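Asker: Got a structure for you, questions after.
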Amino acid sequence: MTSLTNTIGPDVPGPALTTAGGDVPDYFALLKPRVMVLVIFTALVGMVVSQGHVQPAIGAISLLAIAVGAGASGCLNMWWDADIDAVMSRTATRPIPSGRITSEEALGFGLFLSVASVVVLGLAANLLAAALLAFTIVFYAVVYSMWLKRATAQNIVIGGAAGALPPVIGQAVVTGSIGIESLILFAIIFIWTPPHFWALALIKADEYARAGIPMMPNVAGPASTRRQIVWYSLLLAPLGLVPVALGFGGLVYAVVGLVGGLGMVAFSIRVLRNPEGDAERRAAMGMFGFSILYLFALFSALLAEQSFGLFRPVLG
(Lines of atoms letter the chains of each structure in order from A and count residues from 1; the text may use other names and numbers.)
(Lines give C-alpha, C1' and ligand atoms only; values in the text may rest on other atoms or scores of the structure.)
Protein backbone atom coordinates (compact mmCIF):
# COMPACT_ATOMS: atom_id res chain seq x y z
CA MET A 1 0.00 0.00 0.00
CA THR A 2 1.32 3.37 -0.88
CA SER A 3 2.26 5.84 1.82
CA LEU A 4 -0.18 8.64 2.51
CA THR A 5 2.59 11.12 1.85
CA ASN A 6 4.19 9.38 -1.11
CA THR A 7 5.51 11.73 -3.78
CA ILE A 8 6.77 10.59 -7.17
CA GLY A 9 9.15 13.00 -8.88
CA PRO A 10 10.38 16.42 -7.77
CA ASP A 11 8.09 18.92 -6.12
CA VAL A 12 6.92 21.77 -8.28
CA PRO A 13 7.69 25.15 -6.67
CA GLY A 14 5.45 28.16 -6.74
CA PRO A 15 1.73 28.73 -6.35
CA ALA A 16 -0.60 25.75 -6.71
CA LEU A 17 -2.80 27.32 -9.38
CA THR A 18 -1.20 29.69 -11.85
CA THR A 19 -1.06 29.92 -15.60
CA ALA A 20 2.74 29.65 -15.58
CA GLY A 21 4.29 26.28 -16.35
CA GLY A 22 1.01 24.73 -17.43
CA ASP A 23 -0.23 24.39 -13.87
CA VAL A 24 -3.92 24.94 -14.66
CA PRO A 25 -4.01 22.23 -17.36
CA ASP A 26 -2.16 19.92 -14.98
CA TYR A 27 -4.75 20.42 -12.25
CA PHE A 28 -7.49 19.89 -14.79
CA ALA A 29 -5.82 16.62 -15.83
CA LEU A 30 -6.02 15.44 -12.22
CA LEU A 31 -9.81 15.47 -12.58
CA LYS A 32 -9.76 12.83 -15.35
CA PRO A 33 -11.78 15.03 -17.74
CA ARG A 34 -12.79 12.19 -20.05
CA VAL A 35 -14.36 10.39 -17.11
CA MET A 36 -16.08 13.64 -16.09
CA VAL A 37 -17.69 13.88 -19.53
CA LEU A 38 -19.05 10.34 -19.20
CA VAL A 39 -20.35 11.13 -15.71
CA ILE A 40 -22.15 14.26 -16.93
CA PHE A 41 -23.65 12.29 -19.80
CA THR A 42 -24.94 9.36 -17.74
CA ALA A 43 -26.20 11.63 -14.94
CA LEU A 44 -28.07 13.70 -17.53
CA VAL A 45 -29.74 10.57 -18.89
CA GLY A 46 -30.70 9.65 -15.33
CA MET A 47 -32.39 13.04 -15.09
CA VAL A 48 -34.31 12.89 -18.37
CA VAL A 49 -35.75 9.40 -17.80
CA SER A 50 -37.09 10.46 -14.40
CA GLN A 51 -40.76 11.13 -13.87
CA GLY A 52 -40.34 14.69 -12.72
CA HIS A 53 -39.16 18.18 -13.58
CA VAL A 54 -36.25 20.32 -12.48
CA GLN A 55 -35.52 23.95 -13.24
CA PRO A 56 -32.84 24.20 -15.97
CA ALA A 57 -30.54 26.28 -13.78
CA ILE A 58 -30.81 23.78 -10.92
CA GLY A 59 -30.20 20.93 -13.34
CA ALA A 60 -27.11 22.60 -14.79
CA ILE A 61 -25.65 23.40 -11.37
CA SER A 62 -26.35 19.86 -10.22
CA LEU A 63 -24.65 18.34 -13.25
CA LEU A 64 -21.63 20.56 -12.65
CA ALA A 65 -21.49 19.51 -9.00
CA ILE A 66 -21.75 15.83 -9.94
CA ALA A 67 -18.98 16.26 -12.51
CA VAL A 68 -16.72 18.07 -10.04
CA GLY A 69 -17.38 15.36 -7.46
CA ALA A 70 -16.35 12.73 -9.99
CA GLY A 71 -13.26 14.76 -10.83
CA ALA A 72 -12.41 15.10 -7.15
CA SER A 73 -12.55 11.34 -6.66
CA GLY A 74 -10.35 10.93 -9.74
CA CYS A 75 -7.88 13.40 -8.26
CA LEU A 76 -7.75 11.47 -4.98
CA ASN A 77 -7.30 8.27 -6.96
CA MET A 78 -4.29 9.78 -8.77
CA TRP A 79 -2.87 10.96 -5.45
CA TRP A 80 -3.06 7.48 -3.95
CA ASP A 81 -1.94 5.65 -7.10
CA ALA A 82 1.05 7.86 -7.91
CA ASP A 83 3.48 5.02 -7.24
CA ILE A 84 1.84 2.57 -9.64
CA ASP A 85 1.09 5.28 -12.21
CA ALA A 86 4.82 5.87 -12.45
CA VAL A 87 5.51 2.34 -13.72
CA MET A 88 2.70 2.07 -16.28
CA SER A 89 3.20 3.56 -19.74
CA ARG A 90 -0.33 4.94 -20.11
CA THR A 91 -0.20 6.75 -16.74
CA ALA A 92 3.47 7.69 -16.30
CA THR A 93 2.93 11.17 -17.76
CA ARG A 94 0.17 12.08 -15.31
CA PRO A 95 0.86 15.25 -13.28
CA ILE A 96 2.02 13.59 -10.06
CA PRO A 97 4.39 10.84 -11.33
CA SER A 98 5.86 13.27 -13.85
CA GLY A 99 6.62 15.72 -11.03
CA ARG A 100 4.48 18.61 -12.26
CA ILE A 101 2.26 18.56 -9.17
CA THR A 102 3.15 17.30 -5.69
CA SER A 103 1.17 14.66 -3.81
CA GLU A 104 0.28 17.19 -1.12
CA GLU A 105 -1.12 19.65 -3.66
CA ALA A 106 -3.19 16.94 -5.32
CA LEU A 107 -4.55 15.73 -2.00
CA GLY A 108 -5.59 19.22 -0.92
CA PHE A 109 -7.17 19.92 -4.30
CA GLY A 110 -9.11 16.65 -4.28
CA LEU A 111 -10.39 17.08 -0.72
CA PHE A 112 -11.48 20.66 -1.35
CA LEU A 113 -13.40 19.76 -4.49
CA SER A 114 -14.96 16.73 -2.81
CA VAL A 115 -16.45 18.80 0.00
CA ALA A 116 -17.41 21.69 -2.28
CA SER A 117 -19.22 19.47 -4.80
CA VAL A 118 -21.28 17.72 -2.13
CA VAL A 119 -22.21 20.99 -0.41
CA VAL A 120 -23.21 22.66 -3.68
CA LEU A 121 -25.32 19.67 -4.76
CA GLY A 122 -27.04 19.58 -1.37
CA LEU A 123 -27.88 23.28 -1.58
CA ALA A 124 -28.92 23.23 -5.24
CA ALA A 125 -30.86 19.96 -5.28
CA ASN A 126 -31.50 17.90 -2.16
CA LEU A 127 -29.81 15.94 0.59
CA LEU A 128 -30.35 12.54 -1.03
CA ALA A 129 -28.49 13.57 -4.17
CA ALA A 130 -25.69 15.06 -2.05
CA ALA A 131 -25.46 11.92 0.09
CA LEU A 132 -25.26 9.72 -3.01
CA LEU A 133 -22.49 11.90 -4.43
CA ALA A 134 -20.59 11.76 -1.14
CA PHE A 135 -20.96 7.97 -1.09
CA THR A 136 -19.70 7.74 -4.67
CA ILE A 137 -16.61 9.83 -3.90
CA VAL A 138 -15.76 7.83 -0.78
CA PHE A 139 -16.43 4.50 -2.47
CA TYR A 140 -14.16 5.28 -5.42
CA ALA A 141 -11.41 7.15 -3.60
CA VAL A 142 -11.26 4.98 -0.48
CA VAL A 143 -12.93 1.59 -0.96
CA TYR A 144 -11.81 1.05 -4.56
CA SER A 145 -8.56 3.02 -4.82
CA MET A 146 -7.12 2.32 -1.37
CA TRP A 147 -8.37 -1.23 -0.90
CA LEU A 148 -10.01 -3.16 -3.74
CA LYS A 149 -7.68 -2.14 -6.56
CA ARG A 150 -4.63 -3.72 -4.94
CA ALA A 151 -6.38 -6.47 -3.00
CA THR A 152 -8.56 -8.51 -5.36
CA ALA A 153 -9.05 -9.43 -8.99
CA GLN A 154 -12.69 -8.46 -8.47
CA ASN A 155 -11.57 -4.82 -8.07
CA ILE A 156 -13.22 -3.71 -11.30
CA VAL A 157 -16.41 -5.68 -10.61
CA ILE A 158 -17.04 -4.26 -7.13
CA GLY A 159 -15.48 -0.88 -7.80
CA GLY A 160 -17.66 -0.50 -10.88
CA ALA A 161 -20.49 0.52 -8.57
CA ALA A 162 -18.94 3.98 -8.26
CA GLY A 163 -18.96 4.54 -12.01
CA ALA A 164 -22.53 3.26 -12.27
CA LEU A 165 -24.04 5.66 -9.73
CA PRO A 166 -24.29 8.95 -11.72
CA PRO A 167 -27.71 8.07 -13.28
CA VAL A 168 -29.01 7.34 -9.77
CA ILE A 169 -27.71 10.69 -8.55
CA GLY A 170 -29.28 12.36 -11.59
CA GLN A 171 -32.69 10.89 -10.82
CA ALA A 172 -32.35 11.88 -7.17
CA VAL A 173 -31.74 15.48 -8.27
CA VAL A 174 -35.02 15.52 -10.18
CA THR A 175 -37.31 13.47 -7.94
CA GLY A 176 -35.65 13.41 -4.54
CA SER A 177 -35.86 9.63 -4.68
CA ILE A 178 -34.38 6.55 -6.35
CA GLY A 179 -36.55 4.92 -9.00
CA ILE A 180 -36.48 1.78 -11.10
CA GLU A 181 -35.29 3.73 -14.16
CA SER A 182 -31.99 4.81 -12.63
CA LEU A 183 -31.48 1.43 -10.97
CA ILE A 184 -31.70 -0.28 -14.36
CA LEU A 185 -29.22 2.22 -15.81
CA PHE A 186 -26.97 1.52 -12.81
CA ALA A 187 -27.18 -2.21 -13.53
CA ILE A 188 -26.35 -1.73 -17.21
CA ILE A 189 -23.19 0.27 -16.45
CA PHE A 190 -22.25 -2.11 -13.63
CA ILE A 191 -22.42 -5.21 -15.86
CA TRP A 192 -20.78 -3.34 -18.76
CA THR A 193 -17.73 -2.39 -16.72
CA PRO A 194 -15.94 -5.78 -16.36
CA PRO A 195 -15.86 -6.77 -20.06
CA HIS A 196 -14.87 -3.21 -20.97
CA PHE A 197 -11.89 -3.04 -18.61
CA TRP A 198 -10.86 -6.68 -18.83
CA ALA A 199 -10.44 -6.31 -22.58
CA LEU A 200 -7.86 -3.60 -21.88
CA ALA A 201 -6.36 -5.66 -19.06
CA LEU A 202 -5.66 -8.52 -21.47
CA ILE A 203 -3.45 -6.17 -23.47
CA LYS A 204 -1.84 -4.46 -20.48
CA ALA A 205 -1.41 -7.58 -18.32
CA ASP A 206 2.38 -7.22 -18.11
CA GLU A 207 2.15 -3.61 -16.99
CA TYR A 208 -0.47 -4.40 -14.36
CA ALA A 209 1.71 -7.24 -13.08
CA ARG A 210 4.74 -4.94 -12.87
CA ALA A 211 2.65 -2.41 -10.93
CA GLY A 212 1.39 -5.09 -8.55
CA ILE A 213 -2.28 -4.73 -9.48
CA PRO A 214 -4.16 -8.06 -9.36
CA MET A 215 -6.17 -7.69 -12.54
CA MET A 216 -8.17 -10.70 -13.68
CA PRO A 217 -5.75 -11.86 -16.44
CA ASN A 218 -2.88 -11.88 -13.94
CA VAL A 219 -4.80 -13.79 -11.26
CA ALA A 220 -7.24 -16.11 -13.02
CA GLY A 221 -5.33 -16.21 -16.29
CA PRO A 222 -6.12 -14.89 -19.78
CA ALA A 223 -8.29 -17.88 -20.74
CA SER A 224 -10.57 -17.46 -17.72
CA THR A 225 -10.74 -13.71 -18.33
CA ARG A 226 -11.82 -14.22 -21.93
CA ARG A 227 -14.58 -16.60 -20.83
CA GLN A 228 -15.80 -14.13 -18.22
CA ILE A 229 -15.88 -11.37 -20.84
CA VAL A 230 -18.24 -13.57 -22.86
CA TRP A 231 -20.47 -14.35 -19.86
CA TYR A 232 -20.77 -10.71 -18.87
CA SER A 233 -21.57 -9.74 -22.46
CA LEU A 234 -24.26 -12.44 -22.63
CA LEU A 235 -25.78 -11.00 -19.46
CA LEU A 236 -25.48 -7.41 -20.68
CA ALA A 237 -27.25 -7.97 -24.01
CA PRO A 238 -30.73 -8.74 -22.54
CA LEU A 239 -30.20 -6.38 -19.61
CA GLY A 240 -29.74 -3.54 -22.08
CA LEU A 241 -33.28 -4.16 -23.36
CA VAL A 242 -34.98 -3.99 -19.94
CA PRO A 243 -35.82 -0.26 -20.38
CA VAL A 244 -37.98 -1.29 -23.34
CA ALA A 245 -39.87 -3.82 -21.21
CA LEU A 246 -40.37 -1.23 -18.47
CA GLY A 247 -41.65 1.39 -20.89
CA PHE A 248 -39.00 4.10 -20.68
CA GLY A 249 -37.07 2.88 -23.72
CA GLY A 250 -38.80 3.20 -27.08
CA LEU A 251 -38.34 1.91 -30.60
CA VAL A 252 -35.07 3.75 -31.31
CA TYR A 253 -33.62 2.50 -28.06
CA ALA A 254 -34.81 -1.04 -28.76
CA VAL A 255 -33.02 -1.14 -32.11
CA VAL A 256 -29.82 0.31 -30.66
CA GLY A 257 -29.99 -2.03 -27.66
CA LEU A 258 -30.59 -5.12 -29.77
CA VAL A 259 -27.88 -4.39 -32.35
CA GLY A 260 -25.44 -3.17 -29.71
CA GLY A 261 -26.05 -6.13 -27.43
CA LEU A 262 -25.48 -8.59 -30.25
CA GLY A 263 -22.33 -6.65 -31.13
CA MET A 264 -21.02 -6.97 -27.57
CA VAL A 265 -21.57 -10.72 -27.68
CA ALA A 266 -19.94 -11.01 -31.12
CA PHE A 267 -16.87 -9.02 -30.08
CA SER A 268 -16.54 -11.03 -26.86
CA ILE A 269 -16.62 -14.30 -28.82
CA ARG A 270 -13.94 -12.88 -31.09
CA VAL A 271 -11.81 -12.24 -27.99
CA LEU A 272 -12.42 -15.82 -26.86
CA ARG A 273 -11.39 -17.28 -30.21
CA ASN A 274 -8.20 -15.24 -30.60
CA PRO A 275 -6.03 -16.05 -27.58
CA GLU A 276 -2.58 -15.32 -28.96
CA GLY A 277 -0.36 -12.80 -30.70
CA ASP A 278 -1.48 -9.85 -32.78
CA ALA A 279 -4.92 -11.41 -33.25
CA GLU A 280 -5.45 -11.32 -29.48
CA ARG A 281 -4.49 -7.65 -29.31
CA ARG A 282 -6.75 -6.71 -32.23
CA ALA A 283 -9.67 -8.65 -30.76
CA ALA A 284 -9.23 -7.14 -27.29
CA MET A 285 -8.87 -3.61 -28.65
CA GLY A 286 -11.94 -4.17 -30.82
CA MET A 287 -13.89 -5.26 -27.76
CA PHE A 288 -12.64 -2.30 -25.75
CA GLY A 289 -13.52 0.21 -28.46
CA PHE A 290 -16.91 -1.29 -29.29
CA SER A 291 -17.91 -1.38 -25.63
CA ILE A 292 -17.42 2.39 -25.45
CA LEU A 293 -19.52 2.85 -28.57
CA TYR A 294 -22.21 0.54 -27.19
CA LEU A 295 -22.69 2.41 -23.93
CA PHE A 296 -22.60 5.81 -25.64
CA ALA A 297 -25.15 4.74 -28.27
CA LEU A 298 -27.43 3.12 -25.71
CA PHE A 299 -27.61 6.18 -23.47
CA SER A 300 -27.76 8.54 -26.45
CA ALA A 301 -30.85 6.71 -27.68
CA LEU A 302 -32.57 7.22 -24.34
CA LEU A 303 -31.56 10.87 -24.28
CA ALA A 304 -32.79 11.47 -27.84
CA GLU A 305 -36.10 9.73 -27.26
CA GLN A 306 -36.86 11.62 -24.07
CA SER A 307 -35.54 15.02 -25.16
CA PHE A 308 -36.50 15.33 -28.82
CA GLY A 309 -39.89 13.67 -29.01
CA LEU A 310 -38.60 10.49 -30.63
CA PHE A 311 -40.13 8.10 -28.11
CA ARG A 312 -42.32 5.45 -29.70
CA PRO A 313 -43.44 2.63 -27.38
CA VAL A 314 -42.57 -0.90 -28.43
CA LEU A 315 -44.81 -2.75 -25.99
CA GLY A 316 -48.39 -1.93 -25.08
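Backbone N, Cα and C atoms are what each Cβ position is placed from, and that goes for glycine too.
So Swiss-Prot lists the following for this protein:
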TRANSMEM  35-55  transmembrane segment
TRANSMEM  56-76  transmembrane segment
TRANSMEM  119-139  transmembrane segment
TRANSMEM  156-176  transmembrane segment
TRANSMEM  183-203  transmembrane segment
TRANSMEM  229-246  transmembrane segment
TRANSMEM  250-272  transmembrane segment
TRANSMEM  283-303  transmembrane segment
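Explain the structural surroundings of these features, please.
Answerer: For the transmembrane segment (119-139), the residues of the chain that approach it from at least six positions outside its boundaries are 54, 58, 61-62, 64-66, 68-70, 72-73, 76, 159, 161-162, 165-166, 168-169, 172-173, 176-178, judged by C-beta separation under 8 angstroms.
Within its own chain, the transmembrane segment (229-246) has Cβ neighbours under 8 Å at 49, 180-181, 184-185, 187-188, 191-192, 194-195, 198-199, 253-254, 257-258, 260-262, 264-265, 267-269, 271-272, 287, 298, 302, 314-315, counting only residues six or more beyond its boundaries.
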Asker: Which sequence positions outside the transmembrane segment (283-303), separated from its termini by at least 6 residues, show Cβ-Cβ distances below 8 Å to it?
Answerer: 41-42, 44-45, 48-49, 185, 188-189, 192, 195-196, 199-200, 202-203, 229, 240, 243, 248-249, 252-253, 255-257, 260-261, 263-264, 267-268, 270-271, 273-274
Asker: How about the transmembrane segment (183-203) and the transmembrane segment (35-55): do they have 3 or more C-beta pairs under 8 A, pairs 6 or more apart in sequence?
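Answerer: Contact criterion met.
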